[in-house]
Amino acid sequence: MDQDRSDNTALRRGLRIALRGRRDPLPVAGRRSRTSGGIDDLHTRKVLDLTIRLAEVMLSSGSGTADVVATAQDVAQAYQLTDCVVDITVTTIIVSALATTDTPPVTIMRSVRTRSTDYSRLAELDRLVQRITSGGVAVDQAHEAMDELTERPHPYPRWLATAGAAGFALGVAMLLGGTWLTCVLAAVTSGVIDRLGRLLNRIGTPLFFQRVFGAGIATLVAVAAYLIAGQDPTALVATGIVVLLSGMTLVGSMQDAVTGYMLTALARLGDALFLTAGIVVGILISLRGVTNAGIQIELHVDATTTLATPGMPLPILVAVSGAALSGVCLTIASYAPLRSVATAGLSAGLAELVLIGLGAAGFGRVVATWTAAIGVGFLATLISIRRQAPALVTATAGIMPMLPGLAVFRAVFAFAVNDTPDGGLTQLLEAAATALALGSGVVLGEFLASPLRYGAGRIGDLFRIEGPPGLRRAVGRVVRLQPAKSQQPTGTGGQRWRSVALEPTTADDVDAGYRGDWPATCTSATEVR
């Protein structure tokens, strides 16, 4: 009997050892303790207000939701508010400090209504967050820095941003195989559309009608070039579509989807589809008006290629140069720091080179685009580690030349002119697949590069600078906030609060995210206690 009992005990012990595994971590929202018992209600509200201001800046620029959430949580935890909950649904941001045994809950909610892109402010915000998470900025000082950051004017004059938009169109026209006259007309047309868009935005015109007017102008210029100089209008119209698509959230919606924020992803996708419909309406109105005026034109849609599989060195050089030019000019049009211009052009040029190589090897357009996007995400993360520019700047510039503008135009042409719904549906599916490949590829590239942030041997030391790693990503190793040693940042008035710094750890008890950008007009601000 004793022998059987001993055997059963040994068997149970062996089963426990064999089946033992890491328990799933409790969610952050389930924790009811704070880092220090000295945190009062005023400090909590200051920290929550700071985190929601940072989130507003990022979300208004079209940054990924996971990135916004992770950055806001990093900042809150840096000020010992470890029970902060951040939730984003479409354009609504909610930050909350949960109730504890001795403190009431505090919730702040705001809604972001307008969007604006200024990558120089993104770079400043990135550096501010790195200083905060390193334990060197008091909460009052952080608020003062945010005030200065959001009130600072654009670093470039508006005419230079318009020139950047024109250069972006010039590079895209080179990618689409346009002649020199087509490239010049594309640049001029894009500059006109940019100035018109600024005027319409100043008087409060909805984005849908801005897209209608922009697409209409691009189509009419293409028709005029066809009548006067005999130029094929296809490349001009397709270039205009890519330029108009560059400011939309199609790729961002795919990034939200692959990182688990499905509701926000669907909302962004609906917004992108609605604005794409505005582009379609503008093209159709212009084509119908030209037809009613008795002007007959022929659009050779299939004659325009994306130079995915050129067979000669010169077309390859033109394609890579066009991609690099578009990446450089897009950063200028988006008010990016000058130090990020070269890296953005390098990213776009290398992505196009990968696209060409895989196309020549017989890979499909979607697979080639996905692989190139992985490279863009990887390179963007390495650049952000060196703190030369935020990852969003390099990633955006790298993938914009690969937007499915030509597929959208072919779909519109098939539906409206050729009356072939099957062909139009095929092109729409190709455009959607390309957008998904871009979004998922960038996220995967960031995942592959994320171990370099936290010391991957000599390679990690090559790309990683000294000090705390700063912002964490939605992928890779997770970091845990630990008190910074011998750091006592000073604030303006009141009690001084000891900040904390980020230190890598193998724990998996915090959410993950990846990075963001600049401010907007916010409404519906409420605080609930």
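Here the Cβ of each residue, glycine as well, is placed from N, Cα and C on the backbone.
Note that this is a predicted model, so its numbers are computed, not measured.
Residues or ranges marked as region 'Disordered' in Swiss-Prot: 482-501. Feature annotation from Swiss-Prot assigns transmembrane segment to 88-108, 168-188, 212-232, 234-254, 265-285, 312-332, 344-364, 365-385, 389-409, 428-448.
Between the transmembrane segment (428-448) and the transmembrane segment (168-188) there are fewer than 3 Cβ pairs closer than 8 Å, counting only pairs 6 or more residues apart in sequence, which means the two stretches are not in contact. Of the Cβ pairs linking the transmembrane segment (265-285) with the transmembrane segment (312-332) and spaced 6 or more residues apart, fewer than 3 are under 8 Å, so the two regions do not touch. Among residues of the same chain six or more beyond the transmembrane segment (344-364), those with a C-beta under 8 A of the stretch's C-beta atoms are 175, 307-311, 316, 319-328, 330-331, 336, 371-373, 375-376, 379-380, 383, 389, 393-395, 397-402.
Here the transmembrane segment (312-332) has Cβ contacts under 8 Å with residues 119, 156, 160-161, 163-168, 170-175, 177, 246, 340-342, 344-349, 351-353, 356, 393, 396-398, 400-401 of the same chain, all six or more residues outside its ends.
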